[in-house]
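Noted in TrEMBL for the protein shown:
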COMPBIAS  39-62  compositional bias 'Acidic residues'
REGION    1-63  region 'Disordered'
REPEAT    87-129  repeat 'WD'
REPEAT    130-171  repeat 'WD'
REPEAT    225-252  repeat 'WD'
REPEAT    256-297  repeat 'WD'
REPEAT    354-395  repeat 'WD'
REPEAT    396-434  repeat 'WD'
Amino acid sequence: MESESESGAAADTPPLETLSFHGDEEIIEVVELDPGPPDPDDLAQEMEDVDFEEEEEEEGNEEGWVLEPQEGVVGSMEGPDDSEVTFALHSASVFCVSLDPKTNTLAVTGGEDDKAFVWRLSDGELLFECAGHKDSVTCAGFSHDSTLVATGDMSGLLKVWQVDTKEEVWSFEAGDLEWMEWHPRAPVLLAGTADGNTWMWKVPNGDCKTFQGPNCPATCGRVLPDGKRAVVGYEDGTIRIWDLKQGSPIHVLKGTEGHQGPLTCVATNQDGSLILTGSVDCQAKLVSATTGKVVGVFRPETVASQPSLGEGEESESNSVESLGFCSVMPLAAVGYLDGTLAVYDLATQTLRHQCQHQSGIVQLLWEAGTAVVYTCSLDGIVRLWDARTGRLLTDYRGHTAEILDFALSKDASLVVTTSGDHKAKVFCVQRPDR
């Protein structure tokens, strides 16, 4: 599109003077995970509004929910099921889940079976199927006011339904889809595609704007909290901060300022002043959204000893898979494919805790208003960590294959997971420290 204004990282990073940091004397510690069975006290209690009728406990009913582990799924993770509700209408791996932001009572899931479903969390009842996709549904989400739900498949077909009428109101075929996200305050949908474009549509009238990146996939993106800018990461390691109204890049980070491999994830803090980017180069970069300067680079000690990218296959055995900011303390968490959860202190830009999982981390989420971080991993387990101490608070089990995505309700009372075992599960979070 228009000429790109390049922004570089200063060699001597200035302190983050705009942030108010809390002092803390915690030392770095490594937490080794006990692979044994969970304590029975950690298991979630049954939800009161679910009517468990015996005749529906055998294989599940037409609504698609079951109450017992399914015999038909064979895996190496058989064991206790801590979930309250299991949604079982998908016939292949379930790739994505999102909760409606207004009430947190509905979920939308999409899967390898080319299907997406909107269903109720309390009892797993199917509300409607988002029909018509022709490839794996990898993206799904509700609009900011929960009135619309969007689904996108790998081929680039995007569809939007009105939730109350269950009717399709808009569709569009873009290039191969990499990511999709709703605007935080308007019925505007954004998506990144393999041709390097970022698309923005008004829904349902379809007004469209494109933001042309480099000639490589736009692998991840996030709308900043002000709703006026978006940060997009690309396969060539570059990062662009876009002005959504003007359609032009405000900042471009490339070369040594960008990443040395494809970007995998991006996140912003609550006020949008800071951006965190992650890549297969195993680095997480802290970027000022205002200046476009890199103000910090995080790389855990366990990763630093590995060969640099391009020196051998080992360099591809690890990557940053997920990251995010704590809303109440100057902390950031980074989840790695090797199973490391690293908690960094933003004030000192040092590693604070390192929490080891037995298998790769798929995603992490911070609980709003606390210093608790949730992780889901390839071993099919959801874990809750106290980021102040690095201590494992509890875990939740029930899947017989890897967890591929998860979502957390606003009040942190429910965790909803999707898995390669063809199931989505609802877990009731019970925490004695709350």
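The backbone N, Cα and C atoms fix where each Cβ goes, and this holds for glycine too.
If you look at the repeat 'WD' (87-129) against the repeat 'WD' (256-297), you find fewer than three C-beta pairs under 8 angstroms, all six or more positions apart, and that falls short of contact. In terms of DSSP helix, strand and coil, the repeat 'WD' (87-129) has 0 helix, 22 strand, 21 coil.
Mean pLDDT of the predicted structure over the repeat 'WD' (396-434): 92.
Using DSSP to sort the residues of the repeat 'WD' (130-171) gives these counts of helix, strand and coil: 0 helix, 23 strand, 19 coil. Note: the repeat 'WD' (354-395) comprises 0 helix, 25 strand, 17 coil (DSSP; helix = H, G, I, strand = E, B).
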